[in-house]
Amino acid sequence: MTILNHTLGFPRVGLRRELKKAQESYWAGNSTREELLTVGRELRARHWDQQKQAGIDLLPVGDFAWYDHVLTTSLLLGNVPPRHQNKDGSVDIDTLFRIGRGRAPTGEPAAAAEMTKWFNTNYHYMVPEFVKGQQFKLTWTQLLEEVDEALALGHNVKPVLLGPVTYLWLGKVKGEQFDRLSLLNDILPVYQQVLAELAKRGIEWVQIDEPALVLELPQAWLDAYKPAYDALQGQVKLLLTTYFEGVTPNLDTITALPVQGLHVDLVHGKDDVVELHKRLPSDWLLSAGLINGRNVWRADLTEKYAQIKDIVGKRDLWVASSCSLLHSPIDLSVETRLDAEVKSWFAFALQKCHELALLRDALNSGDTAALAEWSAPIQARRHSTRVHNPAVEKRLAAITAQDSQRANVYEVRAEAQRARFKLPAWPTTTIGSFPQTTEIRTLRLDFKKGNLDANNYRTGIAEHIKQAIVEQERLGLDVLVHGEAERNDMVEYFGEHLDGFVFTQNGWVQSYGSRCVKPPIVIGDISRPAPITVEWAKYAQSLTDKPVKGMLTGPVTILCWSFPREDVSRETIAKQIALALRDEVADLEAAGIGIIQIDEPALREGLPLRRSDWDAYLQWGVEAFRINAAVAKDDTQIHTHMCYCEFNDIMDSIAALDADVITIETSRSDMELLESFEEFDYPNEIGPGVYDIHSPNVPSVEWIEALLKKAAKRIPAERLWVNPDCGLKTRGWPETRAALANMVQAAQNLRRG
């Protein structure tokens, strides 16, 4: 029984973000469709070859996506919302981009599809839309074309397909309500057709992803798996693939399915591999997800070997990444600025492939010498002085309940804030960032590369901040922001100014579409050596009589959007960040900043996948936010911002944050999210986002007014704010001015009644 290895997927964007650059060039009309398609082909060929060279036996094909793999699946099934369809019924790459972005080089602009987080990761997918009586047919053959490409290059191919039940689970019903699970029998013939086409190509194994099987699914959804897979069996071998959690709670459902193998995440799940082996059918292959696909730490391969060795030789076995390597940067070897000791603690996607090769070889041969050598640096890290800061640990241990309480309740604070700010009804503001122009990015890059001295850099940033203030005053906004010209990324910026983080040069991972992020890495205890945001906030406030918000990224979001340590709990990391940023709130307040926004867009996405684990997470997540904010005086208004959220199931926790104002992303869901706040009778102020900043389309005054009137039916108008869905960093100035002018006009119209 020779053990093989494989990955569940590989990063798509390219080491130098080649895909991002090609996408954005095409969208801007600066390159042709054929040039874009060529970049995709080159990247796929390179990535297959890199995995093969690193020692991977079975290469994933179908993990590449032009925007998002769930959206690719929608096109495969012919699930194109009517507003995005071509007049002749055809489907092309611009159809895909219109669904994702709201517009493309061809076709009519229309509202983009809703976007939300992929399980509990920092990746986003485009939510499939379902309508009653919907028809499905094989429409988009990207998977088959890519399989042909890989076969022509001589690769050992394992196609990757998002499974039918998970696909339906991830979607939403539009229009007349019905049970979307009722569409299962309608999509299965398309899956059968795809599997038949793969069988014709001589494919032996297909990786069929059903990550919904790690969730606490309703019984009807669990019951749907058996008939679905009865319909899909027989053409190729199916590797039922799960990740992000364990499968033990749903194992009875899984073992009844007519599949030939099961992949389990042995990093994030608590499944005992020996127990799994006992319960799985003896003729099934087990794919053991031993290498963490969503972090950057080098694996202790001696531990991984010990975890799996007891079942070696007892069944067919593959070793694999826990999930797709999509969530990891590509290659550690190009990081030239990392300290050698710290660098030795990491492994990116290609290094993880090498780890899988080492592990496979050791399991096949019984020789573990190479594993011990590989694991030595990560074992040595446990004793490094760069990891532990006694002062931070002491401060954390001394936290009391009082540290997470504002001095007075919201009603008392609101009165003090009204007296201080004297804002009009329907106050207007933005979420924080303004367009990051080429000039701004060049300025930061020149400074970072040493081509610009500190004085000239500061002068340049000050000019951009001044421009942002002038623009906002001209537009008539009520509460201003400084625009964040100095910030490359809302998490990276804070990480750069906090001890305990390190940064990469090329550690990019895809967030959605062409958007990539370069997460900081938490390597040790976190503290704040000096104020971070105070200087620029104070400068911006000196330029205007209107209030300027101080802008902080909250502790849970910094945690969720960084690569965390694996040797302490997430709670510990979050509270260390909260204590550091608590000092920042106090310093902003002392500098005369009266409104401070602590962004927590990631609060909900950090939820464990199983509801039974939610309470513990929400308890410490809320406490971290309150530790961060509670130092503020009554007349300092604390805002928070959240996006991509469904709130109804965590409203108690949202209210427990005790922010004076919460701004939320609601435009894509047509104010749906406000139902939760209405039903809960949310007591504080709310700014429901009135337009979608992810789309370049400019909303009309009438559209915004209609949304605000809809909001006012749910929330008393005196507690409503008017703002976009999110920061404006990715937009250009022309559409930003136009959209904000319409937003301000809508608010003014409502004030006049």
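Using the three backbone atoms N, Cα and C, a Cβ is placed for every residue, glycine included.
In the three-state DSSP scheme, CYS516 (5-methyltetrahydropteroyltri-L-glutamate binding site) is classed as strand. Under a cutoff of 8 A between CB atoms, and with a sequence separation of 6+ in the same chain, the neighbours of CYS516 (5-methyltetrahydropteroyltri-L-glutamate binding site) are VAL13, ARG17, LYS20, TRP508, VAL509, GLN510. Taken from Swiss-Prot, the feature 5-methyltetrahydropteroyltri-L-glutamate binding site covers ARG17, GLU18, LEU19, LYS20, LYS117, ARG515, CYS516, TRP561, GLU605, and the record attributes it to sequence analysis.
Per Swiss-Prot, L-methionine binding site is recorded for ILE431, GLY432, SER433, GLU484, ASP599, and the stated evidence type is sequence analysis. Secondary structure at GLU484 (L-methionine binding site), as computed by DSSP, is coil.
Note on GLU484 (L-methionine binding site): other Cβ atoms within 10 Å of its Cβ, all shown chains, come to 24. Annotated L-homocysteine binding site per Swiss-Prot: ILE431, GLY432, SER433, GLU484, ASP599, in sequence order, evidence recorded as sequence analysis.
Taken from Swiss-Prot, the feature Zn(2+) binding site covers HIS641, CYS643, GLU665, CYS726.
Annotation note: HIS694 (active site, proton donor) sits in a coil segment as assigned by DSSP. Annotation comment: Swiss-Prot describes HIS694 as active site, proton donor.
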Problem set entry | Which of ARG17, HIS641, all binding-site residues, has a Cβ with the fewest other Cβ atoms inside 10 Å | ARG17
Problem set entry | Cα-to-Cα gap, LYS117 (5-methyltetrahydropteroyltri-L-glutamate binding site) vs GLY432 (L-methionine binding site), nearest whole Å | 21
Exercise. What other residues of the same chain, not counting ILE431, GLY432, SER433, GLU484, ASP599, have a CB atom within 8 A of the CB centroid of the L-methionine site?
Worked result: THR430, VAL481, MET490, MET551, GLN597, HIS641, CYS726, GLY727, LYS729
Seminar exercise, completed: Counting Cβ atoms within 10 Å of each Cβ, the densest environment among the binding-site residues LEU19, CYS726 belongs to CYS726
Seminar exercise, completed: One finds that other Cβ atoms within 10 Å of the Cβ of GLY432 (L-methionine binding site) number exactly 26
Seminar exercise, completed: Cα-Cα, HIS641 (Zn(2+) binding site) versus ASP599 (L-methionine binding site), nearest Å, comes out at 5
For this session: Sorry to bug you, but what's the C-alpha spacing from CYS726 (Zn(2+) binding site) to HIS694 (active site, proton donor), rounded to the closest Å?
Result: 8
Seminar exercise, completed: As a whole number of Å, the Cα atom of GLU665 (Zn(2+) binding site) is distant from the Cα atom of GLU605 (5-methyltetrahydropteroyltri-L-glutamate binding site) by 14
